[in-house]
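Q: My questions all concern the structure below.
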Amino acid sequence: MILISDATLRDGNHAIRHQLSAAQIHAYARAADEAGIDVVEVGHGNGLGGSSCLLGQTPIGDRLMLETARAALRTSRLGVHFIPGLGKAADISLALEIGVDVVRVATHCTEANVSARFIEQTRTAGRTAFGVLMMSHMAPPDTLLAQAKLMERYGAQAVVLMDSAGYSTPSLVRAKVERLVDGLDIDVGFHAHNNLGLAVANSLVALEAGARIVDACVKGFGAGAGNTQLETLVAAMEREGHDTRTTFERVMTLARGTETFLNPKTPHIQPANIASGLYGLFSGYVPHIQKAAQEFGVNEFELYKRLAERKLVAGQEDIIIEEASRLARERDVQRATGGVRVRELSA
């Protein structure tokens, strides 16, 4: 049976600058539970401890968000996203105290070693620990397998490949998921973003390649161009004969019900989202890039290219300002030198 992890109340928070209310969290968690969703993930878009001036502040803290969801769930498991460095061991302790069932410990795709203590902390408490490799497009299959094996050794009960930038195509997804499925003794999952319009297709390919866990959000509510749309994914999974705890009818009832308390607008694939997917940048960076381009008066798409050259990962918003400022200085020098580009002068 395929496990569906619903990130609406976590990744969806990115789409509204992390402003979900307690009432919205309670209503959606209750509805998702009634729809038969396996895991309901809750929190700031960047996970436990993510609320900050840099990443965006939530109107309510982690404790209230998790307590609210916990009270609403009966059969669905409560999950959280945790990035070492943004969150601390104390944040996991709080989550476990409240009754979180699944802790998804997420690292950059080449930094799995920093997940060890947090996976072990979760397992010691008798809860489920998943490892998550973010920005998975930035590493080849063998590297991802080596990193996933570390998480498996630390005690992770599954490893999820996260296509954080929406960069991947079906062939890339198949190669990476197959490599992990063949090389691990634990389940493999996949988390897609829709920057290139491939979220559902990539999720189906991941399942064909042996993945047993897929992430999705109601109406695609999520960072950038959105996540895999839950309703569309479940419909396609039914067509392909995949067995789950839910049905298309139940998730459609869930989606329609959100119009009274959440009403997430179905994300459109804007040019900026396509650019972030094409250049392999974290989907949540788009509003920050647009703001910096406007403030410094630089070309937005040139800024995407520069940031791609820096190989940004999540949590490096300060580099967006740094590169926008550098582009602005180069533009000013170019004007002062009669149109000669700074990079030409330094070549």
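Every residue, even glycine, has its Cβ placed from backbone N, Cα and C.
Per Swiss-Prot, the features are:
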type     : residues             : note
DOMAIN   : 2-252                : domain 'Pyruvate carboxyltransferase'
BINDING  : R10, D11, S164, H191 : substrate binding site
SITE     : R10                  : site 'Transition state stabilizer'
BINDING  : D11, H191, H193      : Mn(2+) binding site
ACT_SITE : H14                  : active site, proton acceptor
Q: Using C-alpha atoms only, work out the spacing between D11 (substrate binding site) and H193 (Mn(2+) binding site) and round it to an integer in Å.
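A: The separation of the Cα atoms works out to 10 Å.
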Q: Which are the residues of the chain, R10, D11, S164, H191 excluded, whose CB is within 8 A of where the CB atoms of the substrate site average out, their centroid?
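A: For the substrate site the neighbour list reads A7, G45, H81, M162, H193, D215, G222, A223, N227.
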Q: Give me the count of other Cβ atoms within 10 A of the Cβ belonging to R10 (substrate binding site).
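A: Here the count is 29.
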Q: Taking just the CA atoms, what is the gap between S164 (substrate binding site) and H193 (Mn(2+) binding site) in Å?
A: 6
Q: Write out the long-range same-chain contacts of H193 (Mn(2+) binding site), meaning residues 6 or more apart in sequence whose Cβ is under 8 Å from its Cβ.
A: D163, S164, A165, G166, A199, G222, A223, G224, A225, G226, N227, T228, G277, S283
Q: Over the span of the domain 'Pyruvate carboxyltransferase' (2-252), how high is the average pLDDT in this prediction?
A: 95
Q: Can you count the other CB atoms that lie within 10 A of the CB of D11 (substrate binding site)?
A: 32
Q: Going along the chain, which residues six or more apart from H191 (substrate binding site) have their CB under 8 A from its CB?
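A: In sequence order, A7, V132, V160, L161, M162, D163, S164, V214, D215, N227, T228 meet the Cβ cut-off.
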Q: Which state, by DSSP, holds D11 (substrate binding site): helix, strand or coil?
A: coil
